[in-house]
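Here TrEMBL flags C:MET49, C:GLY212 as substrate binding site. Look at TrEMBL and you will find C:ARG124, C:SER185 tagged as ATP binding site.
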Amino acid sequence: MTESQIKSQVKESVEAVRAQKPLAPSITNTVTINFVANAQLAVGGSAAMVYLPDEGEFVSEVGSAVYINAGTMFPVYEESLPRTAKRLFELKKNWVLDPVGIGIGSLRTKLLAGFKEFPPSIVRGNASEVIALAKLWGIELSTSSQGPKGVDTVDSVNDAENAAKALAKYINEKRGGLGGAVAVSGIEDLVTDGENVVYSKGGSHFMEKITGSGCSLGGVCAVYAGVASPFIAALTATQIYNLAGKRAEAKVNAPASFQVAFLDELYLASAEDVANNPFELK
Amino acid sequence: MTESQIKSQVKESVEAVRAQKPLAPSITNTVTINFVANAQLAVGGSAAMVYLPDEGEFVSEVGSAVYINAGTMFPVYEESLPRTAKRLFELKKNWVLDPVGIGIGSLRTKLLAGFKEFPPSIVRGNASEVIALAKLWGIELSTSSQGPKGVDTVDSVNDAENAAKALAKYINEKRGGLGGAVAVSGIEDLVTDGENVVYSKGGSHFMEKITGSGCSLGGVCAVYAGVASPFIAALTATQIYNLAGKRAEAKVNAPASFQVAFLDELYLASAEDVANNPFELK
Amino acid sequence: MTESQIKSQVKESVEAVRAQKPLAPSITNTVTINFVANAQLAVGGSAAMVYLPDEGEFVSEVGSAVYINAGTMFPVYEESLPRTAKRLFELKKNWVLDPVGIGIGSLRTKLLAGFKEFPPSIVRGNASEVIALAKLWGIELSTSSQGPKGVDTVDSVNDAENAAKALAKYINEKRGGLGGAVAVSGIEDLVTDGENVVYSKGGSHFMEKITGSGCSLGGVCAVYAGVASPFIAALTATQIYNLAGKRAEAKVNAPASFQVAFLDELYLASAEDVANNPFELK
């Protein structure tokens, strides 16, 4: 893809979401669930959160795309997550996985490992999480990479480029060519479909001073995945986050004000500005 | 009731809550639970949230009124919701039901159907939810109405008037004449006790751009139901929401700022202004 | 300890947290979980929330200190809370207990009673909760005190002084001299290690108009407990809360704006100012 093609498709995604209000249901953690929903609404999508197995299947059917975030595990997830992922796979629907906390606890590990069979169309995580997921799925990487590190990132976005590309290729293949993408969050954010690699710029140092900037980015990826390919969806979400983050930071001097300003800027950002937010196509 | 009687009772409710700080415990969804609690505190009430069966019974005994919101179902709700509703019924305490997500999943359907035997004093929902609940309870309506539609409303408030009146009458009868009310949220909000029908005006288009404006309205209905009849409680909550929404909208240009301003205005609104917020008595 | 020693250690705690970003994982209620995490981040710590038994044990191992808040009980807590407390005890790690809702429900009572064997290093609660916990643990008090009162405080901070000192002494003894502290929240806040008693001043009347000011204080105690003794940790958290609360109140006229301003002030407060926030050493 060319830079100009990418910009044009990002712009269309922003506009399509505002026109269609796609429903992007979530099974997500209790810490940032409210932020996820409000971010989804701010960009123009619709939200619905569930926990139970048959509800996960139901929302997979009625939703445009789905978001699964492994943040706070409940016992019922043992049934809900596999059944939801399987149904999404059968329906060939886009869904986004945030493997947050990978490496913590046996149930989380088992469920994240199980997603290899019914993979998401988009993985959104920090560098350490993306590397850890590739390892958990036994995906061979051309460079050495590190193991699970818990909730905090220690690897850099660059370190995760190979893992991200390999994961995206695996997803695309397993989903029969329906596309796959991985978004790695960091100082600059990497988005790849296995072939194209984009580094998106902007954001704010306050992103790390509020909980849920990553989780809500995953939820917003799902909103755009209701109207666009996994790659364009992940990139559009990343671009609007970097734009809104930069704009919000310019207005405030502390994190709670930042969060309010950031959500406001998600709502106010024009499609044009999101498409033109600085990025680099490698 | 006359318009002037209504105004006078709404004013008294606002004042009574601020004087008495009634405790209105909730079993509510994890998405908007924080917003519910903060809205209850902002209008002058007290909040307490629980999930377990014996805790639902306990707070039914110590609370002034209770709020049950079916948003995010947990397995333990299979026991908690029926036992809490039954205890509230036996205690003849007011409680508010928000049947959000009606039509999603087997447990939710079973529990919402079961409330027919131990009905709430107030039902708060959008038009589609209110119509769906009336159908689920097999309440005969004079006009045709549509079935469950999930979390998003598609029917208009007008469409739900017959269902709302029928539900309110059923509730009042089943509760032995203790009163019943239904509040239907929309562009204008309908509140009825089965006889009187009021359309309350105001609010904001930002209400749909934040998650939980409906859920938190239900929680605030429960606060007022601790000091007033179901009808006056539902109307007072609706009036203060419409007033605060309108005032907040005038101060901001985006949804996250709106949410902060809205909660502030709930706290700042005078009893007089809440009573005088525009409404129409049909 | 002298006033000047206390100030110096409080200042060091504030600085150490900002330098080390200690991870303070939580098992906490769904109402205020987001506020807890954001407050922990605002003062410079790291957050991670879990529910499952093996995850509680895991985060006890990797965290600097842990926070357990009994606000909203889930069935899985029957296993998670005792196993986590036991592991923390064995690891001799600091952890903070907020016995919120003490007296509500059989599981909560059983689990809170069980913590007597594997006690936290810090108890954070209002006066009624602290008195109730001392009674539940059968700790003999020199003055009469009242029983469980649910979520709302009715006793004054002064009333709880004996209970707080007795609890702190018990904790220290049971933990083999590793220290113990109790923080009692009220108009003025009491912090004691069983010997020293400090009354910290400031705060805001808006603290009671938002949900989670107490819960998040507990989470912030855990952050400081990752770098300081239980007594200094509890006092540093209390001091920064009183400073930020007072500063935030001066800027706003309503509770939602207050919450945003309060979190901002937690982030902005200098170590010097936290140490010099008015307090009285009895």
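Placement of Cβ uses the backbone N, Cα and C atoms for every residue, glycine included.
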Coarse DSSP state, helix versus strand versus coil, of C:GLY212 (substrate binding site): coil
Euclidean distance between Cα atoms of C:ARG124 (ATP binding site) and C:GLY212 (substrate binding site), Å: 13
C:SER185 (ATP binding site) - helix vs strand vs coil (DSSP): strand
C:MET49, C:ARG124, C:SER185, C:GLY212: the binding-site residues whose Cβ falls under 8 Å from a chain A Cβ: C:MET49
Cβ packing number for C:SER185 (ATP binding site), 10 Å threshold: 27
Count of other CB atoms lying within 10 Å of the CB belonging to C:ARG124 (ATP binding site): 32
For C:ARG124 (ATP binding site), the three-state class that DSSP assigns: strand
Local Cβ density at C:GLY212 (substrate binding site) - other Cβ atoms counted within 10 Å: 26
C:MET49 (substrate binding site) CB neighbourhood, other CB atoms within 10 A: 26
